[in-house]
Amino acid sequence: MSSRTQLHALAPLAVLVLLAAAAPLLAGAQPASPDPAADACANPSADGACHDIPKALRLKLIAIPTILVSSVIGVCLPLFSRSVPALRPDRNLFVIVKAFASGVILATGYMHVLPDSFNNLTSPCLPKKPWGDFSFTAFVAMLAALFTLMVDSLMLTFYNRKRSGNTSGRRAGAAVTDHESPAHGHWHGHGHGHGHGHGDIVAAESAAVAKPEDDDEASKVQLRRNRVVVQVLEMGIIVHSVVIGLGMGASQSVCTIRPLVAAMCFHQLFEGMGLGGCILQAEYGARMKAGLVFFFSTTTPFGIALGLALTKVYRENSPTALVVVGLLNAASAGLLHYMALVELLAADFMGPRLQGSVRLQLLSFAAVLLGAGGMSVMAKWA
């Protein structure tokens, strides 16, 4: 992949980070209201002993490098697994670990992101009409899943057409070369009796050559699909990471931040393992891998730092903040649901490798349940 193509692939990720970062600026534009209830929502009262600004600041400063390191370790572990024979992509253990990571991503969407969106868009700080009369969270999540399907399909079509356009010229050249080859000339120079036997030999040789080419083309199509999966999955993870980091950075509650730091470290570690496994299968070059690792690892610390910088502006219970963050969470949840179920779990479990081994299927199912169960328990704190 050329450096220009890599920059084009990373550009949407940078745009998503900027859009998610714009949420607090929109939230800060909320006008003051004389209604006491509205003031309580826009500027919630201190929650007793838990409200400690100096301690909260120390915890946030600890959280930034800790979460950064956990993210880097999680996403890089699969990338270095080629040096461990048991964790190579062609081994069964890699399939089981990937199933565990896919369960983590699935639970992230269902147990972390989607409930947050429901809480945001059904908050009493929002007017009952229209937010209380319609399930915007489910609707936006559904649209996001369908939009992800459309993007997934169109990107794959674009890659396939681009690839077929490049290979058509080479195939035409190969056909001309074959037509002018000595073997082809020898075919015309012989009589029908000898020519027929030689033709059979040439046909057999052509069939033997065509099969590896077909297998090679199929592997290239799968590789392009893996690259689409990585890019779309990273988009959903980036939105969620910036939003949750922003909430942590703006909070002044020690009781909220302390368990959230530990939970977010485990969350980023396991989620990074899922993304890292997908990056490994995409077989990107070093520059593209570094870009994907950078975006995943830095978005949550970036969100925390942004929340710290905008603590006096950003109010997480203001109507604008609730709507913007709630809609972003809903879209991220729909994207993660689609990617985890369709592109990761269904693609593996319906594939020939797992279909050919009941034992490997059962082990992979257990790994999915373990990953999803662990992340579901973490939802109590994060």
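Glycine is treated like the rest: Cβ placed from N, Cα and C.
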If you check TrEMBL, which stretch out of 254-272, 292-310 is marked transmembrane segment? 292-310
Applying the under-8 angstroms CB criterion, which one of 93-114, 228-248, 322-346, 358-379 scores highest with the transmembrane segment (134-159)? 322-346
Among 61-81, 93-114, 228-248, 322-346, 358-379, the most Cβ pairs under 8 Å with the transmembrane segment (292-310) come from 228-248
List, by number or range, the same-chain residues at least 6 past the transmembrane segment (61-81) whose CB is under 8 A from its CB atoms? 87-88, 94, 97, 245, 248, 257, 260-261, 264-266, 268-273, 275-277, 279-280, 289, 292-293, 296-298, 300-301, 304-305
With pairs restricted to those 6 or more apart in sequence, evaluate whether the transmembrane segment (358-379) and the transmembrane segment (228-248) have 3+ C-beta pairs under 8 Å. no
